[in-house]
């Protein structure tokens, strides 16, 4: 069985009190800020002609992705490579899961290969927590169902931090399918922990009413209300299968009510735009908004590598400590 977080925390090399990154609920504001500070240092490394450092040489990182991913998987692999870690990737199609192997068996086989860090994306909420209980490897959650996506939220707040003086004075609106969004949940956890004010906006069928009280946010079904006094608007990708489930009538109607346009930018001259990607152009955001100078979407992508370098740097075991 895995060592408990409390005992493992004593051995953390750089001050975090956690062995894993499963979700952000146990992380305090100072721990989040520490990860952001570390990521900012690696952001500067990525601007150098030589972008690789030997920090995790000899450390092994396995990416287990049981859902499709492009940006997150590539970002984690690049981050591990920039730190000189040994990397191996496994997808559902190439794993023995297709032959009936359980997640627990997969974890034990990975551990038997002496893998230090497992980056896991899985369609089942709680899968990373399960893995953390049955292996001694460090587990990093790369997205589990609609539950959590902690590194996405951390790279988002890292991106925001470059444009604000204080999170305590920051107003962020998250717009879209909140109910089914792990990105929204993790961003709410990070932002409220740091002291920001968060508004959730979307169709009534996509707004979980329990989040307003449980997570100290406000909700609205009106885009204008969400953008009033807002500093940063984060649009979420609409999953087209939700239309088939009757959660919104059509993409045209969704865009009419919740799509952000150039007109919104004209009416809110200081508003910054974010999106975790991939963007459905013409639905969540118009082309003009995606490509606008106040869109910081590409900064999110760049910061993703730096943030994941920071997470690996802080949580991965050092070979000299083994």
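The backbone N, Cα and C atoms fix where each Cβ goes, and this holds for glycine too.
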Same-site residue for carbamoyl phosphate (record: Swiss-Prot; known: 71, 72, 149, 152, 277, 278; options: 43, 108, 121):
121
At the Cα level, what's the spacing in Å between residue 277 (carbamoyl phosphate binding site) and residue 182 (L-aspartate binding site), rounded?
13
Residues near the carbamoyl phosphate site, 71, 72, 121, 149, 152, 277, 278 excluded, by Cβ within 8 Å of the Cβ center?
69, 70, 75, 142, 143, 183, 276
Residue 237 (L-aspartate binding site): tally of other CB atoms within 10 A of its CB
17
Based on DSSP, name the secondary structure state of residue 278 (carbamoyl phosphate binding site): helix, strand or coil.
coil
At the level of the C-alpha atoms, what whole-angstrom distance separates residue 182 (L-aspartate binding site) and residue 72 (carbamoyl phosphate binding site)?
14
Roughly how wide, in whole Å, is the group 71, 72, 121, 149, 152, 277, 278 that binds carbamoyl phosphate, by largest Cα to Cα distance?
17
